[in-house]
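The active site, charge relay system feature in TrEMBL is assigned to D239, H277, S491. Annotated domain 'P/Homo B' per TrEMBL: 564-702, in sequence order.
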Amino acid sequence: MSDNINSGNVPGTNVSNNSQALTLQRGGEELMLEKTLYRFTIRTNGNISREKLSQIPGAVWRRSIPQAKLELYTVSPDQLNTVMSQLRADENIAFVSHVYTLENNPGTFVYLSDQITIQFATWVDNTKINVIANTFDLVQDQAVEGVPNTFVFLVSKQATQNPVKITNQLQILPEVLAAEPNIIIQQEPHYRPQDSLYSQQWYLNHNSGNQLVAGSHISVEQAWDITRGVRSIVVAVVDDSFDLRHPDFQGNGKVIAPRDLKENDFLPLPGEKETSHGTACAGLAVAEENGSGIVGVAPGCAMMPIRTTGFLDDKSIEDAFNWAVEKGASVISCSWGASAVYFPLSIRQKAAISRAATNGRKGKGCVIIFAAGNANRPLNGSVNEQNWPKNIVQGRTNWLSGFAVHPDVITVSASTSLNKKAAYSNWGDNISVCAPSNNAPPGMWFQETGYVYTQPAIVSALVGVGMLTTDQIGGAGYDAGNFTNNFGGTSSATPIVAGVAALVLSANPDLTAQQVKRILQDTADKIVDNNPDPQLGVRGGTYNSNGHSQWFGYGKVNAAKAVRVAQQMGTVTKITNKQIQVKTSQVVSIPDNNKVGIKSAITIDEAINVGDIQVTVNISHDFLGDLEVYLIAPNNQRILLQSRTLGRRNQLQNTYTMRSHPVLKQLLYLPAKGKWQLQVIDFAVLDMGKLNSWELVIGYGK
């Protein structure tokens with residue numbers, strides 16, 4: 001949704017050149033916020049009618065932000081502070097806040113809720129926590145599961161400052177490792193339509209044809225010879241809405257645990273004038289095999305439709321992933337991201353995804369799949385931007401997609417029916433695999449401008465076939481009728497991979513989420529695109545020595561190969577009764593703000609296979625929140641042991657096991673012989689530290 005309002009201040013930003021900048025701490029990073037000159041939000045106590053809300057003197061009501069119970073207003077810049085002060089004095093108004101933009105994130109508005117997340121040092125007890133909370137007029141609401149000594153607080157009516165200003169003061173306290181306000185940003189579906197219409201599902205299987213090259217499909221028919229999916233494997237599709245009346249979503253046990261987080265009910269249906277992105281995504285993954293219409297990649301699996309709030313605040317993300325885990329989802333498909341250029345995840349968002357990836361499926365982990373995005377930009381990198389409409393993005397610009405770079409997810413890029421990179425597909429080190437989709441110009445959605453094409457404009461023809469999938473029934477959807485064949489973007493590639501993951505788990509439900517990720521990557525087809533990108537001129541369609549491509553990840557997903565490997569792994573059992581234990585106490589200094597980091601090696605000489613594994617790490621550092629810690633196996637497989645969630649702590653003495661960190665299970669059955677390495681990377685300036693020691697224990701035998 002776009003408000004389409006121009007204030008006449010700084011072009012493309014609607015913020016003052018001399019507006020006060022505040023620091024937003026988020027996911028181990030510090031971002032700068034700037035106040036907008038003409039927007040504010042309020043939350044009422046529930047005692048004000050809609051008519052009265054529309055009659056605030058000097059202000060114009062724009063819309064509701066329901067998941068935070070906020071109302072958005074615009075006002076002339078010279079009246080902003082006066083109107084906000086008057087509203088703060090109104091006993092019927094519970095909360096009044098400025099609206100912000102992120103520095104170097106033009107066009108993205110940041111709304112504040114009344115929630116603050118605080119991570120305290122381990123030595124801080126409840127008495128001290130209560131003292132700090134009372135000092136800032138905060139009320140403790142809940143603990144953050146999975147993050148030690150971390151709590152969500154509510155900003156009370158008595159507080160004299162907004163959540164951003166409070167967190168700025170909390171950050172300087174020695175008791176506080178991290179303090180984050182719960183910000184609300186618009187959600188962007190990763191979909192880009194194309195006009196060409198085709199009446200076949202070429203992406204499942206084909207024998208070549210117009211704009212089709214051999215092998216551009218996912219080889220699903222051979223996978224179906226083993227399994228077409230089982231109802232006990234549930235694919236949660238988290239999206240805008242779902243037409244549950246569609247014939248391809250019918251069948252005994254097909255739809256389970258539907259949830260509408262936007263309307264807070266259990267019917268996640270599209271609104272009267274809405275198209276339904278979720279209907280199209282769900283059909284690609286799990287449309288039922290019923291003799292008519294289309295068939296999904298995993299037609300025998302069940303579907304859990306979860307309608308989002310449309311915003312990406314902490315609670316919205318927690319509610320979506322917690323519902324999926326609690327109701328038994330096996331796979332979680334997310335064809336969306338933030339409507340922002342640079343969007344790191346908050347502590348709560350990271351934790352919600354990690355909990356689902358580790359605690360879901362009774363400890364085996366939910367397989368979580370995210371779309372890479374459609375701007376033809378790096379998931380984490382910079383581009384010198386020019387000639388965008390209204391200069392909304394200009395100059396050297398840092399890009400970051402927080403969901404797509406989360407270490408526990410499978411991030412999906414898009415290939416075309418010609419086995420080439422889709423022009424819009426985002427790219428980078430965090431791409432896991434690609435899957436078929438359409439081809440179209442790259443672009444993205446901003447709150448200020450609506451959908452815009454990224455620049456420079458592509459002048460060459462973009463060849464490729466669109467995706468046929470389910471649509472709202474009748475004339476309400478993308479096309480007339482019950483189906484659309486102009487769907488595309490990484491939005492459509494993502495549920496294709498979700499369907500393949502569901503087939504893999506149908507063949508072997510004992511696999512962990514990380515094992516599924518590894519299977520999809522190891523069995524992917526190494527498609528190659530030697531052409532330069534038609535927009536930026538860069539090349540990324542070949543593979544490095546580790547078998548990874550910037551454009552395609554580890555390749556295009558192959559359902560047949562993946563399901564066969566999963567089936568074979570189901571016949572293997574492992575019991576260990578022996579151990580090899582090796583420790584190094586060589587102290588190594590960790591270079592500051594160096595993305596290469598340091599590596600410390602341990603060598604295993606025995607020719608055994610991994611049946612169990614644990615890693616003990618001892619690190620001293622002035623600010624552990626700057627660090628990521630990885631274990632690198634002899635085959636160069638890299639496992640994230642510790643993400644940037646430790647905040648101001650300065651001592652890390654921890655043991656990582658398959659029980660506490662199921663990500664280690666993907667190393668099971670690998671040859672243990674060779675060089676094992678611990679890598680420590682410091683991602684920020686100033687604070688220094690050292691690796692004191694680390695220990696590796698390998699279990700084997702039976």
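Each residue, glycine too, has its Cβ placed from N, Cα and C.
Break the domain 'P/Homo B' (564-702) down by DSSP state and the numbers are 15 helix, 72 strand, 52 coil. Between the CA atoms of S491 (active site, charge relay system) and H277 (active site, charge relay system) there is a gap of 9 Å. Every protein chain considered, the tally of other Cβ atoms within 10 Å of the Cβ of D239 (active site, charge relay system) stands at 28. Put simply, H277 (active site, charge relay system) is 7 Å from D239 (active site, charge relay system) when counted between their Cα atoms.
In this view, S491 (active site, charge relay system) is surrounded by 30 other Cβ atoms within 10 Å of its Cβ, with every protein chain counted. As a whole-number mean, the pLDDT of the domain 'P/Homo B' (564-702) in this prediction is 88.
S491 (active site, charge relay system) falls within a helix when secondary structure is assigned with DSSP.
Following the DSSP three-state reduction, the secondary structure of H277 (active site, charge relay system) is helix.
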